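Quick look at what TrEMBL lists:
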DOMAIN    64-348  domain 'Major facilitator superfamily (MFS) profile'
TRANSMEM  62-86  transmembrane segment
TRANSMEM  98-122  transmembrane segment
TRANSMEM  134-157  transmembrane segment
TRANSMEM  177-202  transmembrane segment
TRANSMEM  209-228  transmembrane segment
TRANSMEM  288-306  transmembrane segment
Amino acid sequence: PAFIMTDSMKTQLVSAIHLQQVELQEKPTGNSQGNNSNNAAADEKFTVEQAVETIGFGRFHVLLFVIMGSANIVEAMEIMLLAVVSPEIRCEWRLEDWQVALVSTMVFVGFMVCGVLAGYIADRYGRWKVVFGGYVWSAYFSLLTSFAPTYGWFIFLRSMVGCVLLSQPFFLKTTEALKLFVFQIFWMTGSMLIILLGMLVVPTMGWRWMIRLSITPSIILIFLFKFIPESARYNVSAGKVDAAVKTLQRIARMNRASLPPGRLVEPALRERGSWRILFSPTFRRTSLLLWYSWFVASFAYYGSVLSSSELLEKNLLCVINADAEHQVKHRHESGLCYCIPFGSSDYQ
């Protein structure tokens with residue numbers, strides 16, 4: 001017998017076909033799912049700060065702590081060296097008080113002038129180049145200082161040593177307190193090291209050999225700088241995103257971590273290295289407060305540290321009758337002053 005389709009059967013069949021078409025349209029294929037996931041990953045973005053926080057603290061940061069801490073040791077030694085050398089050059093070149101004080105002044109003048117220029121250059125050519133070149137410069141002129149034939153050459157070469165700049169490394173925001181604490185330990189280590197070197201070397205070999213030996217940490221630091229990459233923040237701000245990604249990937253490998261999904265983004269700054277930003281309405285008040293705070297802190301700290309040798313200066317005895325053992329003389333208001341260089345016990 002012939003099969004006859006009723007109207008109700010036709011309606012049910014049309015509804016089933018329509019429902020199947022809707023399901024096929026809503027269900028994506030495997031390739032579509034892969035493309036969608038890839039597109040979603042491509043749409044995700046992250047900044048340098050987010051990448052550093054995601055990578056976390058690891059072996060790279062330990063290495064960075066050691067290297068940048070060593071930089072603090074070098075800087076502390078160069079500053080404290082002034083307090084150790086001042087009594088010696090006073091006797092050798094028969095200097096007045098203001099001439100001895102001028103040595104420290106010129107060092108900080110060099111630090112101020114070259115620091116501003118170095119920061120200006122670093123914003124355009126990279127942090128690593130300026131920091132590395134700064135320590136090569138410092139070690140070179142510090143070595144030349146040990147051969148200074150006159151007082152004039154000495155203050156010029158020491159002012160050149162003042163051109164040293166430190167960088168801002170890849171530290172986590174959660175490790176700021178630890179970073180400051182550890183760096184202060186390195187600074188104190190450098191200060192004690194130069195005092196120990198003065199106690200052992202100056203009484204027997206003289207201040208020139210002490211300066212030559214004091215640049216040993218600088219030379220070691222120069223070779224260690226090859227383990228520090230260029231700042232990812234600088235590369236991104238300069239539009240070198242690929243270089244920044246390579247740096248972050250290197251950090252992630254050392255820390256056995258991975259970068260966040262997506263791509264690194266951060267628009268390049270339209271204006272970099274302009275001092276006018278410091279006086280803009282946004283930063284004017286902060287700039288003035290920071291400058292005043294650093295002035296007070298530096299004045300109090302360096303004033304106390306660099307005058308420590310003056311407080312203990314028994315090598316300058318102004319009397320009428322000289323000890324026959326000491327024949328180095330220069331004029332003073334109360335008569336002749338006779339230099340007695342520091343011995344090992346004076347550094348303790």
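Cβ atoms here come from the backbone N, Cα and C positions, even for glycine.
A TrEMBL annotation is a machine prediction, not a hand-curated record.
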Other parts of the chain folded back onto the transmembrane segment (288-306), taken as Cβ under 8 Å at six or more residues beyond its ends: 79-80, 82-83, 86, 104, 108, 191
Selected stretch (most C-beta pairs under 8 A with the transmembrane segment (134-157)) from 98-122, 177-202, 209-228: 209-228
Positions whose Cβ lies under 8 angstroms from the transmembrane segment (177-202), at least six residues beyond its ends: 65, 68-70, 72-77, 79-81, 84, 88, 171, 209-210, 213-214, 217, 305, 341-342, 344, 347-348
Predicted model, mean pLDDT over the domain 'Major facilitator superfamily (MFS) profile' (64-348): 80
